[in-house]
Amino acid sequence: MDLVLDAADRHLLTPYVYPAGWSEGEPCRQLLSLFVITNLGALALYLLFGTLSYHFIFDHNLKKHPQFLENQVRREIAYALRSLPWISVPTVALFFAEVRGYSKLYDNIEDSPYGWSGVFLSMLSFLFFTDMGIYWIHRALHHKLLYKRFHKPHHLWKIATPFASHAFHPVDGFMQSLPYHVYPFLFPLHKITYLGLYIFVNVWTISIHDGDYRVPRLLRHVINGSAHHTDHHLYFDYNYGQYFTLWDKIGGSYKSPTAFEGKGPHDYLRKLQEKGPGVPNGPLAAKTE
């Protein structure tokens, strides 16, 4: 994050915003700058990619599903916009620790003992490490002591849109993002690679809420895509993973997506249209936790 902070200082904050006597390295200034940058960046990523996904990928026929709520898109956005500033508070503390040099982030490829291969391997290890961490944190949030208070608000959206991706309780949202921030304190990671991965994980989070269930057939039971995560929203106790199905299979929580078996939300809508308004809500409405 120091790369972003340095760029903001150089091009905007130092020449136009802060008093000339306030040093760029002063901790209070860095904290204030990081808070503003983090919130603006989160909003930009959420609204930009969420809007693109909603208009160009999300199947708007899903809004006809009985479990799609009234004014749901507006409510998802409003909930996310209320939560993101609170999520940013502990996030900024971790970014501040990075800026002050406590992480293992490095500037140049030459600083890695393994060169470009080290950068590539660190990307893979980041994905597998964070997938593992999010799996166990997510599963813990489904415990009866935590679920109702912190995670249930996200499950309000049974048939989610891309805007549900960041519509979390602040504690829930920060806890599930924690593995992303912990990784560079444990393992070396190139700074630009980290920024790229940070953008990627936000886009991925949007993508698993976009209602597009297409996955290459060979990867259907490897990649945790929108079909898997939709079933998590509908059935609660399955498919806690973020990118892969590995930890769900290890933890016994893997469920083959109903969309791959002709029983998903699109299939239900099709049957509803064929049989008329008297069709009961069926299994997709069975759990209402």
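A Cβ is built for glycine as well, from the same backbone N, Cα and C atoms used for every other residue.
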Segment assigned the feature transmembrane segment in TrEMBL (from 116-137, 226-247): 116-137
Structural state census, the domain 'Fatty acid hydroxylase' (124-252) (DSSP three-state): 86 helix, 4 strand, 39 coil
Surrounding residues of the transmembrane segment (77-96) on its own chain - C-beta under 8 Å, 6+ positions past either end: 1, 27, 30-31, 34-35, 38-39, 42-43, 46, 50, 153, 163, 165-170, 173-174, 177, 181
Averaged pLDDT, computed only over the residues in the domain 'Fatty acid hydroxylase' (124-252): 95
